[in-house]
Amino acid sequence: MANDTGIPAALTRLHFHDCFVRGCDASILLDSTPKHKAEKESMRNKGIGGFEVIDAAKAKIEAHCPNTVSCADIIAFAARDSVHLTGGIYYDVLGGRRDGTISLIGDATKNLPDAFFNVTQLKENFAKKGLSLEELVTLSGVHSIGDCHCSSFSKRLYSFNATYPQDPSMVSTYASYLRAKCPRPVKTNSGVDPIVPFDPLTPTRLDNNYYKNLKSKKGLLFSDQVLWESSLTKKMVGSNIKHPSAWASKFASAMVHMGSIEVLTGSQGEIRKNCRVVNY
């Protein structure tokens, strides 16, 4: 974190993107093979990072206690430490996850939420993983740290729908700020896709400012702002604005719950020697 303030957000996101696809089995870390493109190649995983931190941790752990700690556990512990470093929120993480042996690009598209999902779609997506609507709102607060590529939300600025070029649920001052950072997309594969912080005020502090931004109509993604616009979740957002310590406590519990999704244990899976490739 001292070298790169974006690392905690990357590691927390890595845990979420891992657990939602085949459970918390470190399938997100596997590199593509000549036969199969891996999860990390999916557009839903665009901008995902922190791999080198996991590699470094794995190398150190293997040197001390080989074939004992899984890559999946390392991701879970790294996310826990990231939450503690950025938000002062601490929780205990159970170990014992095993590493999966399959990673397919199509699984990411099927399982990870889209940036333009509405609340009903988000609720269904999280319910499939055994997470409640309250946990969905609570975990979305992680968008109080980290960055996002313009391509994930630029449609809200320039081509929202036939009636409104700009998403009416975004306040115009914030839209102007974003347009300055994100030029209108040009249909060329230039590879230029700038990043902006989810929370311009405290981009490296995990706090309830995310929810205040939603109330001010400054949610970055469509799937963020809908949490304030929908009657299903608006009161939950309001409660998280009023009660930051209660939100922090809920966030810790939800992270523990998420970290237990479809885990492999016992003799299932393996303990990878190198997090990027399955054992041979």
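Each position is counted from 1, following the chain as shown.
Using N, Cα and C of the backbone, Cβ positions are placed for all residues, glycine too.
Cβ contacts within 10 Å of HIS17 (active site, proton acceptor), excluding its own Cβ and spanning all protein chains shown: 21. Residues or ranges marked as active site, proton acceptor by TrEMBL: HIS17.
The Cβ neighbour count for ASP18 (Ca(2+) 1 binding site), using a 10 Å radius and every protein chain shown, is 29. Annotation comment: TrEMBL describes ASP18, VAL21, GLY23, ASP25, SER27, GLU39 as Ca(2+) 1 binding site.
According to TrEMBL, the substrate binding site annotation covers PRO113. Listed in sequence order, PHE20, GLN121, LEU122, ASN125, PHE126, SER223 are the same-chain residues at least 6 apart in sequence whose CB falls under 8 Å from the CB of PRO113 (substrate binding site).
Taking Cβ-Cβ distances under 8 Å and a sequence gap of 6 or more within the same chain, the neighbours of HIS143 (heme b binding site) are PHE198, ASP199, TYR210, LEU220, LEU221, ASP224. Annotation source TrEMBL lists heme b binding site at HIS143.
The Ca(2+) 2 binding site annotation in TrEMBL covers ASP199, THR202, ASP207. Here THR202 (Ca(2+) 2 binding site) comes close to SER144, ASN209: these same-chain residues lie at least six apart in sequence, with C-beta atoms under 8 angstroms from its C-beta.
Applying an 8 A CB threshold to same-chain residues 6+ apart, the list for CYS19 (disulfide bond) reads LYS129, MET258, GLY259, ILE261, GLU262. Per TrEMBL, disulfide bond is recorded for CYS19-CYS24 (among others).
As annotated by TrEMBL, disulfide bond applies to CYS71-CYS275 (among others).
Per TrEMBL, disulfide bond is recorded for CYS150-CYS182 (among others). Sequence-distant contacts of CYS150 (disulfide bond), defined by Cβ-Cβ distance under 8 angstroms and a gap of at least six in the same chain, are LEU178, LYS181, CYS182, PRO185, ASP193, PRO194, ILE195, VAL196.
Sequence annotations record features per position, and here TrEMBL assigns domain 'Plant heme peroxidase family profile' to 1-279.
Residues within less than 8 Å, Cβ to Cβ, of ARG13 (site 'Transition state stabilizer') and separated from it by at least 6 positions along the same chain comprise ILE48, GLY50, VAL142, GLY146. Among the features that TrEMBL reports, site 'Transition state stabilizer' is placed at ARG13.
Shown in sequence order, SER144, ILE145, LEU201, PRO203, ARG205, LEU206, ASN208, ASN209, TYR210 are the same-chain residues outside ASP199, THR202, ASP207 whose Cβ sits within 8 Å of the Cβ centre of the Ca(2+) 2 site. Shown are the binding-site residues GLU39, ASP207; the one with the most C-beta atoms within 10 angstroms of its own C-beta is GLU39. Each of the disulfide-bonded residues CYS24, CYS71, CYS182 was scored by other CB atoms within 10 A of its CB, and the lowest score goes to CYS182.
Excluding the listed site residues ASP18, VAL21, GLY23, ASP25, SER27, GLU39, the same chain places HIS17, CYS19, PHE20, ARG22, CYS24, ALA26, ILE28, GLY100, SER103, ASP107 with Cβ atoms within 8 Å of the centre of the Ca(2+) 1 site Cβ atoms.
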